[in-house]
Structure formats: C-alpha cells, structure tokens
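Chemist: So that we are looking at the same thing, I have put the structure below in structure tokens.
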Amino acid sequence: KKSGSERGGWDSWFEFLFSSLGSMVGLGNIWRFPYICYRSGGGAFLIPFFVSMVVCGCPLIFLETAYCQYSNLGPGKVWVVCPLFKGIGFGMMTVTFVVSIYYTVIMAWTLYYAALSFSASLPWSECVPGLRSLECLEVLNGNGRKPMFYPKATPPPPLQYDNSTLYSIPSQTVLNISPGLEELGGVQWRILVCLLVAWVLVFLCLIRGIKSMGKVVYVAATVPYVILTCLLIRGCLLPGAGNGLYFYITPVWDKLLSFEVWRNAASQVFFSIGMGFGLISTLASYNRFNNNCYRDAMILPILDCGTSVFAGLIIFTFLGYMADITGKSVDQVAQEGPGLVFVAYPSVLSTLPLPQLWSVLFFSMLFFVGLDSQFMHVQGVATALADCFPEQLLPRKTQVTLAICVVSFLLGIPFTTQGGFYLLNLIDWYIASFSVMFIVFLEVVVLAWIYGTDRLFEDISAMIGYQPHVIFKFAWKYFTPAFVIVLWLSGLINFTSIGEKNAGYPPWADVLGILIGFLPILPVPVKMAWTLLRAEGSFRKRLRRSLRPSPLWKPAAEKCDNADVLEEGIALSSIP
C-alpha cells in the first residue's frame with residue numbers, strides 16, 4: 001500500500017532510487033571531483049574519500065531517509081519531532097530555494113552552448129581579440145589548425161585591454177561577460193530565452209508532482225551515463241589519453257599525511273551527497289512505510305562514489321589529449337569548476353572530427369545532469385510548503401509548483417545580465433560556506449541526543465522489521481557530529497573571500513556574500529523564539545514541552561490502513 005495517500009507516493013522503489021541518484025549526482029561530480037582527486041594524491045585520495053563516505057556519508061543518508069520515511073513528512077514539517085528546532089527544516093528549504101534559482105541559470109548556459117553547437121563553426125573555436133585572460137593557441141591536428149584555449153601559468157589582470165595577440169576566453173566571448181560585478185549591463189535575451197525554456201521543462205516534468213517526476217527520472221538519470229560512456233570510449237582513443245589517466249589515478253601516498261587532503265575529501269563527500277539541503281529526506285518522505293531504508297543508505301553512497309570516479313576517467317582522458325596537442329603537462333591544463341566545462345572541455349571538443357556532434361552530446365549530458373537535480377530542488381520546496389499548509393496547498397500541488405517556477409524564473413533574470421556570471425559565483429561561493437554544515441550538525445545532534453538513538457532504532461525496526469547495526473548509534477551520537485563540526489570549523493578557519501580569489505568583485509560584494517551565507521541559519525533562532533513565546537507555562541515547562549515530539553509525530557503506517565501494514569509483519573512503535 002502506498003504511503004501518504006494525500007501526499008502521494010512512489011509507484012516503485014526504482015523511482016525513489018533514480019530520483020535520489022539524480023539529486024546526489026550533479027555538476028560537482030563532473031567539474032570538481034576529478035580535479036580535487038588529482039590535486040589531492042590521485043588514487044591515494046580515494047582512501048580519505050571512502051573513509052569520509054563511511055564515517056559521514058552513510059550515517060547521514062541513513063538518518064535522513066529513516067526519520068522522514070517513518071513520518072511521511074518532508075523537512076518543512078518533520079521537525080514536529082522536536083518543535084524547538086523547526087527552524088532547521090526552514091533553513092534547509094532556504095538553501096534549496098536559493099540554489100534552485102541560480103542552478104537553472106547554469107542549465108540555461110548548457111542549453112545555449114548546445115544550441116550553438118549546431119553552428120557550422122563553433123563560436124568557442126574562434127580566437128577573438130580582446131580580454132587578456134587566456135592565450136589562444138593555434139594547434140595542429142589531422143584536420144588542420146584549430147584554436148585551443150588553456151590557462152596561463154600566471155595570468156595578468158583580467159580587465160586589461162590592449163592590441164596584443166592575446167584573446168578572450170570562450171565563455172567570456174559566448175556569454176558576453178562584463179568586466180565585473182559593478183557592471184551588470186543589460187539582460188541578454190538569448191540566455192533569458194534559454195532560462196525560460198529550462199524552467200518550462202522543469203515545470204512540465206513536475207506538473208503532476210512525484211507521479212510525473214518518478215517517470216521522467218528514468219530518462220534524466222540514465223541518459224547522462226550513456227553519453228558519458230560514449231565520451232569515455234572516444235576519449236580513450238585520443239593521443240595523450242593514457243597520460244591523462246596516469247595523472248588521475250597514480251597514487252601519491254605522501255599526500256595522505258596532509259590535513260588539507262582529508263578536508264578536501266570530507267567536503268567533497270558532504271556536498272556530493274547533498275546533506276543539509278533536505279533533498280534526500282524529501283524523497284524519502286514519499287517512500288512506503290516498510291521500505292528498506294537501511295539498504296538504501298548502503299546503495300546510494302556507492303552509486304555516488306562510482307559516478308564521481310567514472311566522471312574523472314572521462315575528464316582526464318580529454319585533459320591528457322589537451323596536454324598532448326598544446327605541448328603542456330596535464331597539471332598545467334587541469335582545472336575545476338565552470339572553467340572546466342565552459343572553457344577547457346569545449347575547446348578540446350572543437351579539435352575533434354565532427355566537433356558539433358561531440359559538443360551537442362557533452363552539453364546535453366550536462367543539461368540532463370542538472371535537470372534531475374533541479375527536479376529535486378523544486379520538489380523539495382513544493383513538498384515543504386504543502387506539508388506546512390496541507391489543507392490549502394495539497395489539492396493545488398500543480399499550482400504550487402507553477403508558482404515556484406515562475407517566482408524562481410523572475411528572480412533568476414539578474415543572472416542573465418552581462419554581470420550575472422559574477423552574481424552567480426558570489427552566491428554559490430557563500431550560500432553553503434557557513435550554514436549548510438552547521439544545519440546538518442544541529443540535525444544530527446537533535447535527533448541523536450534529544451529525540452534519542454534508542455527511539456530512532458525502534459522507529460527503524462518498526463519499518464524494516466529488524467534493528468540496524470549498533471555502530472550507527474555511535475556514528476550518530478559521536479563520530480558524525482564530531483566529523484561535521486570539525487569540517488565546519490576548519491572551513492571557517494581556512495575561508496577566503498571571493499574578492500581575494502577572483503577579480504571583478506568590489507569590497508561590498510564580500511559583505512553581501514557573508515549576509516547571504518548566514519541567511520539559512522536565521523530561521524533556527526527565529527523559530528526557537530517563536531515556539532517558546534507561543535507556549536504556555538513557565539520557561540522551564542515551555543522548554544521541556546518544545547523538546548518533546550508533538551502529537552503530529554506518528555508513524556506513517558498509522559495514516560494508512562494498519563491492517564495492510566500488519567499483514568506484512570510490521571510492528572508499530574509507540575510514540576512517547
């Protein structure tokens with residue numbers, strides 16, 4: 001029997017699996033993990049990466065899937081388990097909503113690049129005189145001389161113009177990027193149209209909520225793997241591919257003694273699995289009550305890790321080819337972030353036979369990777385709103401989704417300006433720097449210490465029929481919160497502002513960024529104060545009452561037909 005008859009539920013476990021995989025596997029798996037792996041010891045980096053996944057990733061995924069599946073409530077409502085900390089759920093949704101606004105802009109860029117890939121001459125294969133940021137080299141291959149872009153070892157200030165032989169980088173040419181954040185310029189209608197198309201596609205795929213999304217993810221989550229496989233086969237046939245793979249997987253064991261390497265591994269795991277965004281917990285809230293969330297917590301991290309490693313193989317085969325045709329070493333052409341997928345990779349593809357075909361495949365793959373992640377962002381916000389106002393919004397789920405898409409599209413228009421690139425980087429730099437890890441720390445501490453691991457184990461046993469390994473009690477109470485708080489503090493200590501690392505940002509941009517970074521934490525103290533003020537009795541009684549589960553906290557099986565559940569041998573746990 002499906003859980004949550006009013007909210008809806010998955011038609012099969014595979015819909016949940018593919019949806020969860022789509023939420024976890026995003027652009028970071030393609031443009032960040034390979035570079036971090038190479039810079040942090042190659043094959044040796046996999047050791048701290050897998051250790052971090054075991055200590056932090058698996059316990060967090062298990063925790064988020066368990067307590068939301070048990071109650072069939074998403075982050076917006078599930079904190080009736082401890083009303084004093086309802087702000088945690090609102091903080092998660094704040095992060096998700098902000099990310100969804102600019103994430104679709106990146107999808108719009110991929111659509112724009114994919115459309116331009118049908119041109120007879122690819123725009124990023126042209127050397128355009130102007131901005132002094134990258135050199136445009138004429139490299140010789142079998143088809144003649146083709147331009148190739150690569151980062152200079154010590155690039156000059158990026159806003160200097162002269163009549164030298166230096167040229168602008170492709171992304172600045174194609175996206176028409178302004179010199180800095182203070183010069184936003186006008187809206188670029190081509191990017192705006194692509195943004196509108198992206199949002200229309202997202203809405204159409206979510207028009208019936210998880211009913212339609214559960215079907216679309218079969219395509220959206222699998223097509224990228226097909227394209228990635230094609231790119232890997234093609235990349236392995238290129239000269240220099242072996243050198244690229246060698247640089248990627250050769251272990252540098254001395255790196256394991258570096259704290260920075262372990263911090264990089266932990267950060268990659270943390271953001272790769274999407275903790276603190278409430279996405280996995282939202283998807284788990286649509287599971288059947290007796291779904292084996294214990295099994296899911298083992299499978300999902302393996303799939304996420306495997307995708308990251310697989311993407312790295314593809315990226316470095318092409319970087320090896322890029323190094324071969326430019327006469328550089330792999331470490332000189334390797335880079336991370338948008339520069340990899342919007343600068344280096346397109347330039348490499350433009351040197352291949354049938355460059356239009358490979359460019360279309362590559363940017364289509366990026367779009368699909370972003371699309372299923374964006375499904376989860378929008379669905380997460382829609383679920384939170386519907387859970388908070390079920391009588392008003394549950395019957396109008398399509399209208400709620402439409403409203404979210406329209407508002408997000410309007411808020412995304414500033415990112416389509418010439419300076420929108422800097423605005424996007426600014427928010428992306430700060431939104432998760434201060435808040436996400438702290439929210440996850442609170443989540444684990446509240447559930448493990450206030451609600452209690454014994455209660456959690458009883459709830460899990462009620463769902464799957466047996467108790468998980470006792471190691472998860474120790475993980476939730478000690479290992480995982482310690483891991484997260486150390487990672488958060490080290491991030492604060494080693495934090496650098498965006499103005500220190502990048503040109504084009506005025507001093508006030510850092511102040512704005514810090515305010516944005518702390519925005520998701522704000523609902524926590526606000527909701528705490530609101531909960532205590534509305535309660536009755538002495539402060540001590542108010543505090544004790546607000547730390548106990550409210551009457552709304554109950555197993556999802558009680559909301560369905562108990563007879564059907566009992567037939568499957570599920571024993572309902574009592575709620576204190």
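The chain as shown is numbered from 1 upward.
Here the Cβ of each residue, glycine as well, is placed from N, Cα and C on the backbone.
Residues or ranges marked as Na(+) binding site by TrEMBL: GLY22, VAL25, ASN29, SER272, ASP372, SER373. Annotated disulfide bond per TrEMBL: CYS127-CYS136, in sequence order. The transmembrane segment feature in TrEMBL is assigned to 12-31, 43-63, 84-115, 187-207, 216-249, 269-286, 298-323, 343-369, 400-423, 429-450, 470-491, 511-533.
Context for these features, please: burial, neighbours, distances.
Modeler: Listed by sequence, the residues of this chain that lie at least six past the ends of the transmembrane segment (84-115) yet keep a Cβ under 8 A from its Cβ atoms are 27, 74-78, 174-175, 190-191, 194-195, 197-199, 202, 276-279, 338, 342, 346, 359-360, 363-364, 366-367, 370-371, 373-374, 377-378, 380-381, 384, 408-409, 411-412, 415-416, 420, 424, 427-428, 431-432, 435-436, 439, 442-443, 446, 516, 519-528, 531-532, 543, 546-547.
Counting only same-chain residues 6+ beyond the ends of the transmembrane segment (216-249), those with a CB under 8 A from a CB of the stretch are 14-15, 18-19, 21-22, 25, 34, 37-38, 42-43, 205, 307, 310-325, 330-331, 334, 352, 358, 361-362, 364-365, 368-369, 371-372, 375.
Panel annotation: around the transmembrane segment (429-450), residues 60, 63-64, 67, 81-82, 85, 88, 91-92, 95, 98-99, 270-271, 275-277, 456, 476-477, 480-481, 484-485, 487-488, 491-492, 495, 498, 513-514, 516-521, 524, 547 of the same chain, lying at least six beyond its termini, place a Cβ under 8 Å from a Cβ of the stretch.
Long-range contacts of the transmembrane segment (511-533) within the same chain: residues 83-88, 90-92, 94-95, 98, 426-427, 429-436, 438-439, 442, 497-498, 539, 542-543, 546, each at least 6 residues beyond the stretch ends and with a Cβ under 8 Å from a Cβ of the stretch.
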Chemist: Counting Cβ pairs under 8 Å that sit 6 or more residues apart, are there three or more between the transmembrane segment (269-286) and the transmembrane segment (43-63)?
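Modeler: Counting Cβ pairs under 8 Å, at least 3, so yes.
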Chemist: Restricting to the same chain and to sequence separations of six or more, state which residues have a Cβ under 8 Å from that of ASN29 (Na(+) binding site).
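Modeler: Correct list: SER272, ASP304, THR307, SER308, ALA311, VAL369.
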Chemist: So what sits near VAL25 (Na(+) binding site) in its own chain, CB-to-CB under 8 Å and at least six residues off in sequence?
Modeler: ALA221, PRO224, LEU303, ASP304, THR307, VAL369, ASP372, SER373
Chemist: Given a separation of at least six residues and a C-beta threshold under 8 Å, show me what packs close to GLY22 (Na(+) binding site) in the same chain.
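Modeler: In sequence order, the residues whose Cβ lies under 8 Å from that of GLY22 (Na(+) binding site) (at least 6 apart) are VAL217, ALA220, ALA221, ASP372, SER373, PHE375, MET376.
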Chemist: Look at every Cβ pair spanning the transmembrane segment (400-423) and the transmembrane segment (187-207), keep those 6 or more apart in sequence, and say whether at least 3 of them are under 8 Å.
Modeler: yes
Chemist: So which residues does the transmembrane segment (298-323) touch in its own chain, when a touch means Cβ under 8 Å and the partner is 6 or more beyond its ends?
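Modeler: For the transmembrane segment (298-323), the nonlocal Cβ contacts are 17, 20-21, 24-25, 29-30, 33-35, 37-38, 46, 49-50, 53, 57-58, 61, 148, 150, 225, 228, 231-232, 235-236, 238-248, 268, 272-273, 280, 329-330, 332-334, 340, 344-345, 347-349.
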Chemist: Using the CB centroid of GLY22, VAL25, ASN29, SER272, ASP372, SER373 as the Na(+) site centre, which other residues of the same chain sit with their CB within 8 A?
Modeler: LEU21, SER23, MET24, GLY26, LEU27, GLY274, ASP304, THR307, VAL369
Chemist: Counting Cβ pairs closer than 8 Å, which of 43-63, 187-207, 343-369, 470-491 has the most of them with the transmembrane segment (12-31)?
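Modeler: The stretch with the most close Cβ contacts to the transmembrane segment (12-31) is 343-369.
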